[in-house]
Amino acid sequence: MEMAVFDIALYFKGYFGYENGHMKYFGQKLIIEEQESDFWSVYEAEEQLKRLGVAPDDIAALWYKDPEDEVIETRLQTFENDRDALEM
């Protein structure tokens, strides 16, 4: 059976703010291509951020949203556990 893969955009070292009346994230962005779904977890996200020089103590929270949904204010979901990873 073939494992499912997906691409993910990690936004980090930044902040949420507004531009032209819409919420936006201002910061750095990294695209991780072909992430294997069977290995994706909150720990994998934290590990990727550590590789980018983000200290664990600097991670206040992890969030995710459907990439097809443009509305950040009402669509962000906390990313805290394996159930959240499955939802992603």
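Any Cβ shown, glycine's included, is placed from N, Cα and C.
What you see is a predicted model, and the numbers here were worked out from it, not measured in a lab.
If you look up TrEMBL, you'll see 6-88 marked as domain 'PB1-like'.
Secondary structure of the domain 'PB1-like' (6-88) per DSSP, as helix, strand and coil residue counts: 26 helix, 33 strand, 24 coil. Averaged across the domain 'PB1-like' (6-88), the predicted model reaches a pLDDT of 86.
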